[in-house]
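Report on the structure given below.
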Amino acid sequence: MFFERILSLGTVNQEFSSATKTRLMNTIALITTGVSMLYTLMYVFVLDQSTVALINLSFTLAYCCTLGLNALHSTKASKVWFFSVLMVHLMVCTNVYVTNATGFHLYFFLVPTGAFLLFELKDKLEKISLSLVSVVLFLYCENTMNEAPLIELTESIEAMIYQSVFLVNMIEVIVVLTIFANQLERNQTKLTRQATKDSLTQTSNRHEFFEKGESLLLQSQQRQEAFSLVLLDFDYFKSINDQYGHAAGDTCLIMVSKIIQAELNSKQILARIGGEEFAIILPSMAQASAVNLAERIRCKIEQHAIPIIGESHFNCTVSLGVTCKSNAQDTLKTLLVHADNALYLAKNNGRNRVETFAQINA
Ligand SMILES: Nc1nc2c(ncn2[C@@H]2O[C@H](COP(=O)(O)OP(=O)(O)OP(=O)(O)O)[C@@H](O)[C@H]2O)c(=O)[nH]1
């Protein structure tokens, strides 16, 4: 469960924010304190090594201080402290307790990955300094043989410890890479959303309208299918804002976009292309069906009560202009002009109605 939560850090569901980093630092410090304490007890009761136990107890207490610093909101200091204690501890383990044949110094690899994971993006100096120190200390431990270790180990135990250290390092690298990959994917999804969706209504924005619209129009031309476009504009929206406030205007935009969306299938696209103007792309739909759909949307909007805080509700209406691709030369821009002309006609003819471009030309 804990492992699963760690591996899902940085995904859409579990944001890897500064607060999460602090929580993770606390968890790591707590686990390290616990493990270090267990080793201390083992040195006393199993190996009968009181000197080693005493040294180890001081490291256990030092790890514990990380939690204290975090509690005092010195999050950066707590991380620097934790990694510094860890590095000194590793050096003492490798060069005082036992020898480098145990591979204890391989734990120095935990420092750069851990530091890059837990520090903030801006803490470059801390991340680089800790990484460099860990490399130097690793090389020192690798090239120094402790001739008189406090704990004598057999070769087979040394080999076992070496393998376990390697395993822990591998697990840490996998976890950290997974979190970074999650974070990357999450940011990518967020950026794509920001670039293509309208932040208020979550419908397509102008950019996505043109991108998807042009590709769907091309497809309909290749397949020789119909293609309709509807332009929708609120009636007297300025008065709604003036009378009920801008927030009520925003609620109105959101609710109406939901009403329209409910009438569309997954291939039809609703886009907010202006302040209170929406466009609906209807691939494979001929004019008659598009007019029917536009009329249905108009009725649903007219009947829908928009709630207002402190008051009961208000109703709004929209005008719609419909156009349909008539020849192979039609581009999305020309269709937009045609739909706009039809919309203008709907406004001129009294609003809260649907008009078509074909009527203007008739
Ligand atoms: N609440 C809110 N209002 C917006 C938003 N974008 C544009 N508006 C408002 O929409 C109103 C549009 O006003 P007009 O262009 O005069 O059109 P109208 O009042 O709807 O009149 P007609 O279109 O002629 O029926 C302006 O008052 C804008 O401030 C928005 O995101 N939220």
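Using N, Cα and C of the backbone, Cβ positions are placed for all residues, glycine too.
Just so you know, TrEMBL annotations are computer predictions that nobody has curated.
Pulled from TrEMBL, these are the features on record:
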type	residues	note
DOMAIN	225-359	domain 'GGDEF'
TRANSMEM	24-46	transmembrane segment
TRANSMEM	52-73	transmembrane segment
TRANSMEM	80-98	transmembrane segment
TRANSMEM	104-121	transmembrane segment
TRANSMEM	128-145	transmembrane segment
TRANSMEM	160-181	transmembrane segment
Return the stretch with the most CB pairs under 8 A relative to the transmembrane segment (52-73), choosing among 24-46, 80-98, 104-121.
24-46
Are the transmembrane segment (128-145) and the transmembrane segment (24-46) close enough to be called in contact, which here means at least 3 C-beta pairs under 8 A that are separated by 6 or more residues?
no
Sort the residues of the domain 'GGDEF' (225-359) into helix, strand and coil with DSSP and give the three counts.
63 helix, 37 strand, 35 coil
